Protein chains: 2
Amino acid sequence: MKVKVSLDKNTSYNVYINELEKLNFNTKVVILTNELVAKLHLDVLLRKIHAKELFVVKIKDGEEYKNLQTIEYILNQMCSYKLDRKSLLISFGGGVISDMGGFVASIYQRGIEFINIPTTLLACVDASVGGKTGVNNKFGKNLIGTFYQPKAVYCQSEFLKTLASRELAAGMAEFIKMAVVFDVKILSFLENLDEDKFLNANLDDATLAQIIQKSIELKANIVSQDEKENGLRMLLNYGHTFAHVIENQTGYKKYLHGEAVAIGMNMANTLALNFGLLSEQECKRVQNLLIKFKLPISYKIPNIEEFYNAFFLDKKTHYQKINFILACGLGKACIKNDISKENIMQALKVFV
Amino acid sequence: MKVKVSLDKNTSYNVYINELEKLNFNTKVVILTNELVAKLHLDVLLRKIHAKELFVVKIKDGEEYKNLQTIEYILNQMCSYKLDRKSLLISFGGGVISDMGGFVASIYQRGIEFINIPTTLLACVDASVGGKTGVNNKFGKNLIGTFYQPKAVYCQSEFLKTLASRELAAGMAEFIKMAVVFDVKILSFLENLDEDKFLNANLDDATLAQIIQKSIELKANIVSQDEKENGLRMLLNYGHTFAHVIENQTGYKKYLHGEAVAIGMNMANTLALNFGLLSEQECKRVQNLLIKFKLPISYKIPNIEEFYNAFFLDKKTHYQKINFILACGLGKACIKNDISKENIMQALKVFV
């Protein structure tokens, strides 16, 4: 099956689910991956890709390597292979790989084409689609990057079979995000899903594909309407304003991105609860779903003043106003930029 | 006066010549400049700019600092000032500054707006217009960058008064390039121009403005038709395929960019002469014009095999075919990608 991401100016593309057979390129191709993914799946991928010349760049696994130093390393490798403007980059890995691969593709010789082949559930349901690329720096998450769309995305359930339950749970966090923000029916679907099968990578292919498809359909719809995140697309950052601070404070090492998002959603819900946007019952329902999928819902904030100040480097902060994405009932979300410091601190205090 | 650069998708902008009075911004603004320009002109500029908050980032002067390390330094400064997505960057300097400022603007928080205020003739007539941004690395020139258009460009002859004759000549090289490739009438105009007045920065404002206007009109016309350099725009790289190798081999220190382009044009003409695309008389005419403006026309190639191999990292090289931009008679140019190594080496031998 496939889902179309409709954009203007010839940048529309398809996300294919379980449809990767053979890809032939009459150009040089470089595959960007990490050491772990390469060990598990590169052989399988290489049998499917035919190119004029094929190169592989491997980087270390982990969000802590998602920085400009790694970008420079990748660019140097590409230069040494004499890749030209018609060459293609394939990001083969999780969200870190697709974020960096897209960024590199957008700045190598002022832009070459790229394709995403995600190998984590998180990248399938979220990161590989939508054209957000970038890296972190010491100031925060994804502060450096571009909007740059892939030419195609291929999600293959075969690559998800080797994922640890923690990785699968992290992907589920982004899907739960979609449910809370856009579609309450998904919440019921997930409440009825066999979490053991899911977390042990034993879910049947059809159900897994259904999860991926639903998530991408929702995201494609949003991105088509607001590619550059001027409004609607901001809603996808529900939980992320908090998550980015948590990831930064823990050096991008302690939590997987999806785990930080899970905590972030719970923090956002605490704020929403204080404003009467969510009922206690609704908050609890989301908490229970996160817990069901073994996701963390709490983070001990070392210093709430510092935590608060870190919001001002979030990309959604404009003119000193922090844009909080809050659930307004389940299945709906809104942007609040007029919350007083006092009210924010009050919500943060719950996590001290 | 002003010249419009017409592009699609709301990215059109104006280049204003001698029209900078006061600019008011209801956002944070960062001015990127170098130490030399800051000392000479920053006071004047600061009196013209009003912003919510105004910051200045100064970097060292010179093409050898146009690299990813400097980009990281600038990005860190911008993060420390907590610039947001609505903030604006002003590039205030020569081509190095506008290339880097545009690049930083394109990748800071996935893209903020920027304005160019060029302080060299080269940047006025060429670099500040057209949206090419980027930096060099050890493999070659501008191999990392983006296509990202400014919101406006302000060329002020007042800032050109302090330029050394060598800087002015380097700017003239890019204007001569325009003449050879697009408009033979400009050649006659330049042959009649008082080179002493020009090189001593004593040209009257009207004539200087005329040079800038003519160059930008030609460039705007090209960029409007082919923003991403898929064809026509490549012609603007006449002389540059050679120049980039020369600059790389001399560590970006020995020659100003325009000087390397002057040598590169002469090299390209030698190749064109061998193919009968230019007559000896036409070659000589361009040489004489370059010499009249005290531009270099020769570079002693240390090793022609190495020089030849360096072409393969040029951004115009696709599928191992080097695209040479050659003058085909004066005022016209063509792209040749089928020149044998033997023929290229023969032309290079003239410069050994």
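Including glycine, each Cβ sits where the backbone N, Cα and C put it.
Predicted automatically and left uncurated, TrEMBL annotations should be read as such.
Database features (TrEMBL):
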DOMAIN    B:57-169  domain '3-dehydroquinate synthase N-terminal'
BINDING   B:61-66, B:95-99, B:119-120, B:K132, B:K141, B:159-162  NAD(+) binding site
DOMAIN    B:171-317  domain '3-dehydroquinate synthase C-terminal'
BINDING   B:E174, B:H240, B:H257  Zn(2+) binding site
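TrEMBL feature annotations superimposed on the structure.
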| residue | record | contacts (Cβ under 8 Å, 6+ apart) |
| --- | --- | --- |
| B:D61 | NAD(+) binding site | B:N34, B:E35, B:L36, B:V37, B:V96 |
| B:E64 | NAD(+) binding site | B:G251, B:Y252, B:K253 |
| B:G95 | NAD(+) binding site | B:P118, B:T120, B:L122, B:A123, B:D126, B:A127, B:S128, B:H257 |
| B:S98 | NAD(+) binding site | B:S91, B:N116, B:P118, B:A123, B:A127, B:S128, B:T133 |
| B:F159 | NAD(+) binding site | B:H41, B:V44, B:I117, B:P118, B:T119 |
| B:T162 | NAD(+) binding site | B:L40, B:H41, B:A201 |
| B:E174 | Zn(2+) binding site | B:L122, B:V125, B:D126, B:S215, B:G258, B:V261 |
| B:H240 | Zn(2+) binding site | B:V261, B:G264, B:I325 |
Quick one: which residues besides B:E174, B:H240, B:H257 have a Cβ within 8 Å of the Zn(2+) site's Cβ centroid, in sequence order?
B:G95, B:L122, B:D126, B:A173, B:K177, B:G239, B:A243, B:G258, B:A260, B:V261, B:G264
Would you mind giving the whole-number mean pLDDT across the domain '3-dehydroquinate synthase N-terminal' (B:57-169)?
96
Can you break down the domain '3-dehydroquinate synthase C-terminal' (B:171-317) into helix, strand and coil residue counts using DSSP?
103 helix, 0 strand, 44 coil
Mapped DSSP class for B:D61 (NAD(+) binding site), helix or strand or coil:
coil
DSSP secondary structure for B:T162 (NAD(+) binding site), reduced to helix/strand/coil, please.
coil
